[in-house]
Ligand code: HEM
Ligand SMILES: [Cu+2]
């Protein structure tokens, strides 16, 4: 074997062309220079950011903390927080990419400044990232953090599996990030339709990146789903039967069921695409009998339930937020539960509406169109229930409520455009135009994203022990709402005028005013992100004044508010027992809150595990090797994966015990703080001086 | 809380510290198996859709014979019974030697299955009926090897489980593991019924 | 041994080792019989196609049920009911996905002829 053979085996299909600046240097046309400069700049920022993080960790000697408190942790609260951090990092990238696309289309009359391939990479990474690495980790993170607290549990059913789920999701995100340094990513859109993404039309490695990133995320999601479902089934505290579960728990368990049952078709579809590309199978090729349409069918068997995976947790959040800030119990709880469950089932019956135009018979389209419209019914029920929860309540407008109100109004508009699209005859006119882009952003931004940002503002004080600054929070929320409307309402119009989605350029001057407004909207959204980061900074600076250690800043209703902020590692000093749905609220009403337990026990918690970080690194190297055909890396990583799993099965599960004395001392210290905290009336809820001890309205008749 | 609810294995007393955990583990594993079942479901659907897509390659009727699949059926069915016996030794006698013995028998039957199925797959390959020939063959080469891969993983798992029984004895981790292993193995047998019926018997009609 | 060891959670007497052993054997025999029926239905070449398909399908489903019953001890009562609910829901989704895929793709192929 010669040296060049050796190097070839080492680098697989990677050559110098993978570097972001290579094309610009080799062939400096103006177009290559613009695109190369952008790509290189972004890559440089990424590298510098990574170096800065590593340097800071070293400088502040934080490596031990990072390893022992975070990377190897199996604590559901920390895992939840890491999910959300991951989501914010990826969101930054997603929104910046969106701004590039919007800027390009604003000047897109007869050609923007981006090359077609670059634009293609942008909408593909943007879509993939926003769905799989922003929305999904965010909701997994919120569920992880909140759900065990709400059901009075000390952790999830399978803490190590939980950590592995995060590890796989994070390594998928890292793979997408790696594609900034070693180009190219796929240009086949977030749906990755073959035959375009097959090897005949996309011989480069781009689709490989997409396939493996999505696969990793899918595996992580499946594990999360199993874990959440099992936790809700097996870990509820005494007294919490199904009809006493908080609405967010219902939403989470329904989401989990969807995760478990909806991911398989995606896994199969991407696996088949991978076989086509790597081993010359012929599932989706245009020759040898392949049927590309089968891919679309399988993808949307996943894709439609996926949109409910995205939105149901947000529905759960709204249910908590509306009830809490109206000081009222949730209106028609049972119908909300039934609505949630029926949405879950119906979501498996409508997938064909994503390809009305593929050529199936009109009768079939009619069936699926009608089924689709049916989803509007339970969703409408929910909207009315939330409105009626506010009706005659003492509604308090806090940051989460700003998101909630924005959601209600915008989501109804998005839903209405969805009902339009559910009619196949209309869909034939506007499919594949930016009308559709407007529709789904109208669902996913006010729905999922506002839901998650609302959850962030709602539960942040629980997780960190201090409030987020309300003024900056409201500014951020308002900018999100305004930015969204500016960015997407024009797209409805210009979509009807005929602008196709995924267009790098257009030849119709009439489109320009709309795309310019849309660009401004995207800038406002960027400003909203800025406001949120500034809010975080301001709040951390003022954390002493914003302290809510006592734990109940919002006059909360459910169990998570009955403990300190941040909660102790073991969550509950003594396992709670509940007698009502709004368990904590009823305790406050009866004057039983904050009692001193008469018995203390040692608490056993699962010990840290090195399995998740090992799988994080090895699944990244495994998939990176697969992308670039570096077979030595693939084999090596596979050995590590299997070896780690087998070795782990021989390790006797260690538990660490927290002695009763420590629990008692911590708990009494907290109770003392609760007693000493001045109790804040609701008018001072968002001002410094809300110490987390409400002058509760639970005593006041509703 | 019961431990007897899953494949008939009673692990110990009510208040055995591990029993709640095993219960959750087994339930979680059931859910996982159901998700895997849907994976197979989608692959089966693909196979059915691809049946006519033979391009210029051989069709199912031209390609398949019943001898190999029937041998494989027998081996797998027998192994389903023997893994049950292994669990009975765990449950009623906590007998390490007999448990591992039955596990070894199961392993051999599984290995026999893999041998036979690899043999016929290689035969197809030699006859030019590899996955690249047609969409139909692609689907076949996805479905059957996917099941075989599951069996291979099962064999690895059996080996690990036997080693664990030898080293650690019957604590709740190993018995919980055996319980899940047996569910996995029975599940593979059920999927195989589908393969035998849809792929091989279907081809004969 | 406490009495707990003899009582199974579903309330019945816990089966003895011999009983359980025969359960596996019964499952094995039932599977063999059903397989033989299915094989005979196709190799004998006397049944019309639709009848052969039906026989295979029914025998296959029965065999799956038999294995669930005798190998996996899934019952209609007691705690195994929870697992059974899970299985039913899975079957519902399975039917939707597999049936739906075949329906949609069948329709599309038919229209391309
Ligand atoms: C924050 C403000 C956002 C802006 C300004 C924005 C902008 C855009 C733009 C310009 C496109 C390309 C449209 C085209 O094809 O013509 C796009 C596509 C897309 N966006 Fe967004 N987006 C935003 C947020 C989100 C969020 C939160 C999600 C999901 C959670 C999302 C999911 C997608 C998806 C799935 C696509 C389709 C990609 C494809 O064509 O394959 N976006 N977005
Ligand atoms: Cu849909």
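Our numbering is plain: 1 for the first residue shown, then up by one each step along the chain.
Cβ atoms are placed via backbone N, Cα and C, with glycine included.
Automated prediction, rather than curation, is the source of TrEMBL annotations.
What you see is a predicted model, and the numbers here were worked out from it, not measured in a lab.
Annotated domain 'Cytochrome oxidase subunit I profile' per TrEMBL: A:61-579, in sequence order.
Proximity of distant same-chain residues to the region 'Disordered' (A:681-702), defined by a Cβ-Cβ separation under 8 Å and at least 6 residues beyond the stretch ends, is recorded for 327-329, 393-394, 396, 398-399, 461, 467, 470, 542, 545-555, 565, 585-586, 588-589, 674. Annotation source TrEMBL lists region 'Disordered' at A:681-702.
Beyond the transmembrane segment (A:33-59), the same-chain residues lying 6 or more positions past its ends with a Cβ under 8 Å from any Cβ of the stretch are 20-21, 23-25, 66, 100, 113-115, 118, 177, 180-181, 183. The feature transmembrane segment is assigned by TrEMBL to A:33-59 (among others).
Using a Cβ-Cβ cut-off under 8 Å and counting only residues 6 or more beyond its ends in the same chain, the transmembrane segment (A:129-151) has close neighbours at 76-77, 79-84, 86-87, 90-91, 93-94, 97, 162, 165-166, 169, 172-173, 176, 190, 213-214, 217, 220-221, 224, 228, 231-232, 235-237, 240, 245-246, 248-249, 252, 255-256, 306, 309-310, 313-314, 317, 444, 448-449, 452, 455-456, 459, 462-463, 558-560, 563, 567, 571. As annotated by TrEMBL, transmembrane segment applies to A:129-151 (among others).
For A:163-189 (among others), the entry in TrEMBL reads transmembrane segment.
Per TrEMBL, the feature transmembrane segment maps to A:209-233 (among others).
Marked as transmembrane segment by TrEMBL: A:245-275 (among others). Among residues of the same chain six or more beyond the transmembrane segment (A:245-275), those with a C-beta under 8 A of the stretch's C-beta atoms are 139, 143, 146-147, 150-151, 192, 194, 197-198, 207-208, 211, 214-215, 218-219, 221-222, 224-229, 232, 236, 281, 283-284, 295, 298-299, 301-303, 305-306, 308-309, 312-313, 315-317, 319-320, 323, 330, 333, 336-337, 340-341, 343-344, 347-348, 557-558, 581.
Per TrEMBL, transmembrane segment is recorded for A:331-352 (among others).
Here the transmembrane segment (A:364-381) has Cβ contacts under 8 Å with residues 335-336, 338-340, 342-343, 346-347, 349-353, 356, 415, 418-419, 422-424 of the same chain, all six or more residues outside its ends. Look at TrEMBL and you will find A:364-381 (among others) tagged as transmembrane segment.
Look at TrEMBL and you will find A:401-422 (among others) tagged as transmembrane segment.
The transmembrane segment annotation in TrEMBL covers A:434-459 (among others).
Proximity of distant same-chain residues to the transmembrane segment (A:479-499), defined by a Cβ-Cβ separation under 8 Å and at least 6 residues beyond the stretch ends, is recorded for 102, 402-403, 406, 410, 417, 430, 433-439, 441-442, 445-446, 449-450, 453, 506, 508, 510-511, 513-515, 517-518, 520-528, 531. Feature annotation from TrEMBL assigns transmembrane segment to A:479-499 (among others).
Annotation comment: TrEMBL describes A:511-537 (among others) as transmembrane segment.
When Cβ-Cβ distances below 8 Å are used as the criterion, the transmembrane segment (A:614-647) is approached by residues 9-14, 71, 164, 167-168, 170-172, 174-175, 178, 182, 205, 208-209, 212-213, 215-216 of the same chain, each at least six residues removed from its ends. What TrEMBL lists as transmembrane segment is A:614-647 (among others).
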DSSP helix/strand/coil residue counts for the region 'Disordered' (A:681-702): 6 helix, 1 strand, 15 coil
Confidence summary for the domain 'Cytochrome oxidase subunit I profile' (A:61-579), mean pLDDT rounded: 95
